[in-house]
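Written out below as structure tokens is the structure these notes cover.
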């Protein structure tokens, strides 16, 4: 065997040993270690995000063992990241927030993932570079402390693992892999990716969501894992499903999606698209077209195929219990499988009219009936390829979270779950009292939701203090700044009160003095710096 072949074989064996570690006990890969090694370069690169990924895995493993959650929120900037580091274990980077505040094109907009694909990775880098800087700054400051000062000054872990929003992957499988590579290079410990179609992606709490087939999303998850493996990192992937509230799907090609696709049960209706094209040709627009579509949908009596089969069997005289058994038997079967079972096992004589093509939209999408059962079905299909599973929901309903967790854990015991504590929910109108709200994240933790996050808390907290301060500053001038900001910073011990020190001026002085032999007449924090005023109230 040539030395090149021997080196290749040795690396393959190393990857195979790596995959047998507890870290990947629940991970399924449809490719081999040789596939991975053949796609690597000859220079081994060590990525800081791998350290962060391992740290995140260890953190969540401990929470899973204890039935507790790690909860966080979406950070906008380095200021928020440094303040979060004192109290929270992870950092979230939101695509929604990036879309409105940090697009790499500088063009803001809603959460449609129509910003350049490097937008969220760039925000991750922005925050990760700040984490690294404040970690260095702290270490330098502690190196100058006495033993007593060290003992009385808690260490802040600025290097909190970052989990970021990969939307739908921004394109095909190679686009997903390139996006994943950017996230690894920029410092993300993990990413989440959702099962929406890329061209029509919406915020999880908007209408009009279009799903992709189950296998298409599995392919995305596999692409992420493959890219991780090629780079030799243990970063995490979160599989999100938007199927709880989805109403459309791009294709009926995947048998596993069949039970949730709706069809027309009215044989007298022409296809909806034909009706709409004809109406447009007649000059109808806007509300007129919407009324025509609404009327067609009502007349079509859309049903899932198991429902149509159940009605047909009942019409043929079957008992209620027999019909219920049929529904239970075919509820997760493909269309041809359901027909075969209904005929052979239940004696159905006539297959009912049921047409899933007739209601298709002008874009060609199929009508889809989402819900919690659907989300469980999809999550269970994604589980072997993801580290965590997330069902996007419309409201903070603990009973629904319990149903989802039970449905997943019945198939995949111990599977880690994630939960969006969304600010899109009207929490005050959710039927939760103050005690319920305080306990919510910990109750979810008991169910296996080991990682939870408020996607836009950074945005909302920023908006809140900005509005409050601007309003009062306009009326009362510096009194507003002192009362709402400076005195409150001092009261809670916020380190940004002394913003020169927070920004690293002492650290920069130390760098300069290291270069110049310990003396600098231009030290930023020398005599005359106004920050010395903050040693006491004026």
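Each Cβ is built from the backbone N, Cα and C atoms, and glycine gets one as well.
Per Swiss-Prot, the listed range annotated as region 'Disordered' is 98-117 (candidates: 78-97, 98-117, 118-137). Shown are the binding-site residues 94, 420, 422, 424; the one with the most C-beta atoms within 10 angstroms of its own C-beta is 94. Taking a C-beta cut-off of under 8 angstroms and a sequence separation of 6 or more, residue 165 (Mg(2+) binding site) has the following same-chain neighbours: 93, 94, 95, 96, 98, 120, 191, 192. Cβ-based neighbour count (10 Å, all protein chains) for residue 96 (substrate binding site) stands at 23. Look at the region 'Disordered' (98-117): DSSP puts its residues at 4 helix, 0 strand, 16 coil.
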